[in-house]
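Per TrEMBL, these features apply:
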- C154-C187: disulfide bond (DISULFID)
- C155-C172: disulfide bond (DISULFID)
- 12-30: transmembrane segment (TRANSMEM)
- 51-78: transmembrane segment (TRANSMEM)
- 84-108: transmembrane segment (TRANSMEM)
- 199-223: transmembrane segment (TRANSMEM)
Amino acid sequence: CFCSTKIFSHVFGIFWLAGGIILGVALWLRHDSQTTNILYLHLGDKQAPNTFYVGIYILIAVGAVMMFVGFLGCYGAIQESQCLLGTFFTCLVILFACEVAAGIWGFVNKDQIAKDVKQFYDQALQQALQQEVGVSDATNAKTVVKTFHETLDCCGTNAMTSFGISLMTELCPKEQSLLTGPFQQDCHKKIDELFSEKLYLIGIAAIVVAVIMIFEMILSMILCCGIRNSSVY
């Protein structure tokens, strides 16, 4: 049985390694320059919508717990402990349930995340273009708009009318400031692309984790039953 437990411990080690990879991907997404530049912005007392980070924090937690649970599975396999393997299986079930719940939440809110960010951008752009707002409010709004434009390499939206050469020069990146109409990079489209790409990566990571979890749950039960049967004889 030693040989089989050694093999199983290596398999559970893969689960620990997968947890480290998931944790690394989640931390990279959390500190990605594009999203942090946008989601840390403030428009007066209002902060940019950061619902996107809920999914990232869930992924970070899952990765960290996977590493701990993977170590638990390795140790349980080496020690041939039914108690540790049972705990490993229980933790996997709980993690799997949390991941399914997070996946459902992400699927329901995937369009709302980009929509909230676009509304925040539109509000900032409107304030930046209004002449009647206060100087400090207009300055803050222009800073927010410039950050969007520079981070996403875009300029305004296709739905709005041209807002003048002087304002375009001031608010848009140099390469975009002289482009109007169909050649202009729509910020709404860029926001959609940004969060679709990031949510796509999160979705892939979640699917990979789910498949690994199911595989590990089956293996842990096989090993646990094998240890139980061998202890009977």
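Using the three backbone atoms N, Cα and C, a Cβ is placed for every residue, glycine included.
Below 8 angstroms of C-beta separation, residues 53, 56-57, 59-60, 62-71, 73-74, 76-77, 88, 198, 201-202, 205, 208-209, 212, 216, 219-220 of the same chain, each at least six residues beyond the ends of the transmembrane segment (12-30), sit close to that stretch. All chains included, 25 other C-beta atoms sit within 10 angstroms of the C-beta of C155 (disulfide bond).
For C154 (disulfide bond), the number of other Cβ atoms no farther than 10 Å from its own Cβ, over all displayed protein chains, is 22.
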